[in-house]
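A short write-up of the structure that comes next.
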Amino acid sequence: LLAALRGQSLGLAAMSSGTHRLTPEERNQAILDLKAAGWSELSERDAIYKEFSFRNFNQAFGFMSRVALQAEKMNHHPEWFNVYNKVQITLTSHDCGELTKKDVKLAQFIEKAAASV
């Protein structure tokens, strides 16, 4: 029974990630838009990366808090690293190992959050 449940949960994860996959055309346009905003593609895996700089730690932490709340709502969590006023963010969809619509949507939110700090 446990093995069957594990199989079902894996199937659901794969199914949910499949609904968020980008078509080649969507991916190309998303990458162009994200690069225009300062994001870069990682060469070692299908992910995007950007470093943000703020005036001080409080601004950086406030930004991270806003992003964390949105990420939790989306059930889609960034990889990030923070030192003082810098926040480095990498986005990818771990369940399918590629860039998805969720990454693009979260990156767009991140841009708005950074601009409003």
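Positions of Cβ are set from backbone N, Cα and C atoms, glycine also.
Taken from Swiss-Prot, the feature N6-acetyllysine applies to LYS101 (among others). Secondary structure from DSSP puts LYS101 (N6-acetyllysine) in a helix. Other C-beta atoms found within 10 angstroms of the C-beta of LYS101 (N6-acetyllysine) number 17, with every protein chain shown included.
The N6-succinyllysine feature in Swiss-Prot is assigned to LYS101 (among others); the stated evidence is similarity to another entry.
The Cβ of LYS105 (N6-acetyllysine) has 16 neighbouring Cβ atoms from other residues within 10 Å, across all protein chains displayed. Per Swiss-Prot, N6-acetyllysine is recorded for LYS105 (among others).
The annotation N6-succinyllysine is assigned in Swiss-Prot to LYS105 (among others).
A helical conformation is recorded for LYS112 (N6-succinyllysine) in the three-state DSSP classification. There are 10 other CB atoms within 10 A of the CB of LYS112 (N6-succinyllysine), with all protein chains counted. Among the features that Swiss-Prot reports, N6-succinyllysine is placed at LYS112 (among others).
What Swiss-Prot records for LYS112 (among others) is N6-acetyllysine, and it gives similarity to another entry as the kind of evidence.
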### Task
Sorry to bug you, but what's the C-alpha spacing from LYS101 (N6-acetyllysine) to LYS112 (N6-succinyllysine), rounded to the closest Å?
17
